[in-house]
Structure formats: structure tokens, C-alpha cells
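As given in TrEMBL:
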type: ACT_SITE; residues: 110; note: active site, proton acceptor
type: BINDING; residues: 32, 33, 34, 35, 87, 88, 89, 90, 101, 102, 103, 104, 128; note: substrate binding site
Ligand SMILES: O=C[C@H](O)[C@H](O)[C@H](O)COP(=O)(O)O
């Protein structure tokens, strides 16, 4: 599992705090990344102890992790809705509940699962907090469209970079068979406006801006965890 910036202890605190809120009978969206992984592990332990839940994974990686942890799974088209999704973020604004996701190239399915969830519980360590979003925005892009999309995002004021794979010659390929383009907009003063413009670009499957998306956030710190509900 790829680990990002913050300490593992802080990520674990955030993940476990969110897992603690899950109740018997819930349908639980299972997020992607190193922080959400701690929530999946904690839920696996709870299932071992008799907690009755069904998980909906947001990526191939989350699915594999949930299988390893013994969490029963189903797909989105088999259920009426999701009670809670627990997921990470690459950058998060606590005042607004907005964030940027997709560092693990899973943001399209993550946004789909979040859109079906009653509660979106984000889990981050404190290094992810910011007053204004300025992390590059991941776009999942149809392979044939990446040059057209690059031109379109330049006209919106962004600087696109096709994401290269770490362990293969060539680009990252998503679980859906698409490419990822990371777009640097500098500081994003109006995330809703950028989100609307990105959604309108032909060839963009989904972007990683999640505007005022969180209903709850748990922020793991060196010495504890703080949870905010919106
Ligand atoms: O595509 C990946 C997801 O959006 C992750 O939730 C996000 O990148 C945060 O991952 P991590 O908890 O490993 O920093």
C-alpha cells in the first residue's frame, strides 16, 4: 500500500475513529488509500467480533483489502443506498468540508460511492489540512482524450501533467482503464466554479474536487483525533 505524508499513527487514529461509528446492519462504503485502509482493518476486526455489515469498495485495492479482512462485499447496483462511506483525502479544508482526492487514482469510484452515501466520513491526518486548496486536481481521462483535455484545462488556467506509473514504463492506468492527468491550478479560490468547468470538459470521466462533500471528518494527530460533523 502506498503511504503518503502523515504519520501512520495519526492515520490509524483517524481511520479507527471513523470505523467506531459504524453500526450493525449498515452498508459501508470502503475508501481507498493508506488512511482508509486503517478503517477497513478496524472494520475487519469488528466483523470478526460479530459486527454485521456489508462493504462497497471504491477500488480494486479497497476490495482486496476488505477480502483479506473478511468483510462481506457487494456492488453498488445490488443495494438501495449506502449508510456511510469512510474515505481519505489528499487535501482538506476543515471550514468548508471540501477536499481534493485521487492521489491513488480512485476518485471516480470514490465520488460515485460518496454520491450514494448518507454520511461521508473523511479520515485524514493533520498534514492534509489547509485553509485553501492548492493541491493538483486529478482528472480521470479517456485515453484517447488526454491531449484534448490538456488543452482544455490550460484554457481554464491549469497546468496539466499526465501521471506516470511508478513501477511500469508509461502512465498510470486506473481501475477503469483510463489515464490520470494532475492539473495544477495554484490556489483554488472558487472550488465550485473549477469543479463545474472540469465536469464540462469532454473526455474527463471525473475530477478529484469534492466540493463541500464531507458530512464528518476525523483528523488524526500525533496525540489524538478530533472529529467534526457538518
Ligand atoms: O485515489 C485515492 C484516494 O482519493 C485516497 O483516498 C487519497 O489519495 C488519500 O490517500 P492517503 O490516505 O493514502 O493519503
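Cβ from N, Cα, C; glycine included.
Here the features listed in TrEMBL are painted onto the structure.
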| residue | record | Cβ neighbours (10 Å) |
| --- | --- | --- |
| 32 | substrate binding site | 30 |
| 34 | substrate binding site | 20 |
| 87 | substrate binding site | 32 |
| 89 | substrate binding site | 29 |
| 101 | substrate binding site | 30 |
| 103 | substrate binding site | 24 |
| 110 | active site, proton acceptor | 29 |
| 128 | substrate binding site | 28 |
The record names 32, 33, 34, 35, 87, 88, 89, 90, 101, 102, 103, 104, 128 as the residues that bind substrate; what is their largest Cα to Cα distance in Å?
15
Within the set 101, 103, 128, which binding-site residues show a CB-to-ligand 1 distance under 6 A?
101, 103
Could you round the CA separation between residue 32 (substrate binding site) and the residue listed as 'active site, proton acceptor' to a whole angstrom and send it over?
8
Out of 87, 101, 103, give those binding-site residues positioned within 10 angstroms of the residue listed as 'active site, proton acceptor', comparing C-alpha atoms, in sequence order.
87, 101
